[in-house]
Amino acid sequence: MKYRDLRDFLSLLEQRGELKRISQPIDPYLEMTEIADRTLRAGGPALLFENPKGYNMPVLCNLFGTAKRVAMGMGQEDVSALRDVGKLLAFLKEPDPPKGFRDLFDKLPKFKQVLNMPTKCLSSAPCQEQVWEGEDVDLSRIPVMHCWPEDAAPLVSWGLTVTRGPHKERQNLGIYRQQVLGKNKLIMRWLSHRGGALDYQEWCEAHPGERFPVAVALGADPATILAAVTPVPDTLSEYAFAGLLRGHKTEVVKCLSNSLEVPASAEIVLEGYIEQGEMAPEGPYGDHTGYYNEIDSFPVFTVTHITQRKDAIYHSTYTGRPPDEPAVMGVALNEVFVPILQKQFPEIVDFYLPPEGCSYRLAVVTIKKQYAGHAKRVMMGVWSFLRQFMYTKFVIVCDDDINARDWNDVIWAITTRMDPSRDTVLIENTPIDYLDFASPVSGLGSKMGLDATNKWPAETPREWGRPIKMDEEVRARVDAIWDELAIFSDKETKR
């Protein structure tokens with residue numbers, strides 16, 4: 001599925017009945033959240049609020065409100081096809097050496113695909129059709145949503161933040177929420193291990209006292225947004241990967257006030273800087289946990305320029321108790337993660353992040369167990385292999401006869417194959433999401449691994465139970481007479 005920018009993607013959604021235009025005046029203060037939340041929970045379409053109260057700019061919500069639309073944003077027609085995206089990433093992350101000339105020939109298309117996707121830098125771009133700078137900069141022109149009653153202020157939620165470290169050629173793209181602080185100021189809430197925060201830290205060390213350039217793209221195309229939250233190999237830029245997803249090179253343009261490159265088709269771009277040492281208290285905000293988070297200090301982003309397309313669209317979302325857009329995206333991106341994990345740990349059969357677990361806080365893994373202690377090795381691997389799982393608090397490991405996506409199966413395995421003392425792994429003082437108020441210290445907490453696999457002789461001296469299973473000949477005989485028994489009126493009742 002190919003598209004060029006957000007508007008092109010919205011046209012495709014509308015053709016397929018996946019976009020609903022709302023012409024009634026709707027308030028960005030709370031009302032949009034309530035409508036978007038009800039729509040998402042019902043599996044409904046993306047929403048384009050054409051007449052936000054008090055504004056002349058339409059607001060787009062629920063763009064990634066179903067796993068299918070996430071897949072479409074990644075250039076695929078179906079969620080199952082995201083496994084192929086994961087396989088490509090796994091290959092690029094750690095290419096296998098060719099086993100011979102024929103194998104090398106077979107691998108060439110993958111390398112050619114990547115080499116053909118560098119960015120294309122334009123001299124002018126749609127995102128700079130209109131420009132405000134200096135005293136004309138006013139964030140109140142943008143219909144930024146105020147999502148929950150006790151939120152501190154309106155919150156920019158889909159800001160694609162572009163930074164570059166002082167010793168890096170490659171830019172970093174990250175999605176960080178930003179509290180509106182004034183007409184030209186926002187609070188940049190990035191966690192210390194995120195790419196933007198690391199770039200800023202390195203800048204402060206290399207250039208003490210100098211302003212750190214930042215750009216934020218609002219309304220970038222879906223492929224670029226999704227590339228920013230996907231485990232792209234360090235050797236591949238998010239822009240190049242976005243080009244692979246959408247089927248053509250990512251077009252960028254240099255900012256007017258600095259050398260950062262932003263998506264040329266973005267609806268709105270905020271340019272500016274962070275003054276070293278300028279911090280402000282951020283929050284509280286209703287978050288993806290379903291709770292308001294505590295207040296903490298983060299850097300202040302000063303906006304010097306606002307550039308935008310004519311008739312710009314503001315792309316927004318809300319976060320709350322699952323399901324919300326992050327949870328839905330987690331379900332879809334789960335399919336991308338599986339091949340990447342299997343590349344490193346071939347014994348993994350399936351990997352599942354239940355949306356009820358706030359996108360990433362709990363993982364269920366099924367494996368082909370090969371030796372005593374195998375489950376514990378897999379736990380450690382999940383926590384350490386991808387940055388996306390460093391905040392996963394609970395990892396449940398089961399055998400491959402268990403369906404990782406069926407809680408009936410998983411709970412049965414936990415309650416019948418686990419001893420709480422022997423099969424529970426607790427690790428203290430590990431990195432934890434700052435938003436996790438249950439941890440004893442902000443940003444630092446514990447992790448739990450549950451080994452719900454069948455135990456091997458080295459793991460228990462007791463004889464292990466054998467699963468109950470009906471004789472296959474008896475099942476076949478009953479199958480043959482089942483309909484005649486007419487026990488249920490519904491003939492489609494499962495046998």
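Every residue number used here counts from 1 along the chain in the order it is shown.
Backbone N, Cα and C define each Cβ position, glycine as well.
Swiss-Prot lists Asn172, Glu238 with the feature Mn(2+) binding site, giving sequence analysis as the kind of evidence. Under the heading prenylated FMN binding site, Swiss-Prot lists Ile175, Tyr176, Arg177, Arg189, Trp190, Leu191, Arg194, Gly195, citing sequence analysis as support. Look at Swiss-Prot and you will find Asp287 tagged as active site, proton donor, backed by sequence analysis.
When the recorded positions Arg189, Trp190, Leu191, Asp287 are screened for a Cα within 10 A of the Cα of Asn172 (Mn(2+) binding site), none qualifies. Within the same chain, residues at least 6 positions away in sequence whose Cβ sits under 8 Å from that of Tyr176 (prenylated FMN binding site) are Gly159, Thr161, Met188, Arg189, Trp190, Arg194, Gly196. If you count neighbouring Cβ atoms within 10 Å for each of the binding-site residues Ile175, Leu191, the highest count belongs to Ile175. Cα spacing between Leu191 (prenylated FMN binding site) and Glu238 (Mn(2+) binding site): 19 Å, rounded to the nearest whole number.
With Ile175, Tyr176, Arg177, Arg189, Trp190, Leu191, Arg194, Gly195 listed as the residues that bind prenylated FMN, the site has a largest C-alpha separation of 14 Å. In the three-state DSSP assignment, the secondary structure recorded for Arg189 (prenylated FMN binding site) is coil. According to its DSSP assignment, Glu238 (Mn(2+) binding site) is helical. In the three-state DSSP classification, Asn172 (Mn(2+) binding site) falls within a strand. Spatially, by CA atoms, the binding-site residues Ile175, Gly195, Glu238 include one closest to the residue listed as 'active site, proton donor', and that is Ile175. Trp190 (prenylated FMN binding site) has a Cβ environment of 21 other Cβ atoms inside 10 Å. Fewest other C-beta atoms within 10 Å: among the binding-site residues Arg177, Arg189, Arg194, that description fits Arg194.
Note: the CA-CA distance between Arg177 (prenylated FMN binding site) and Glu238 (Mn(2+) binding site) rounds to 19 Å.
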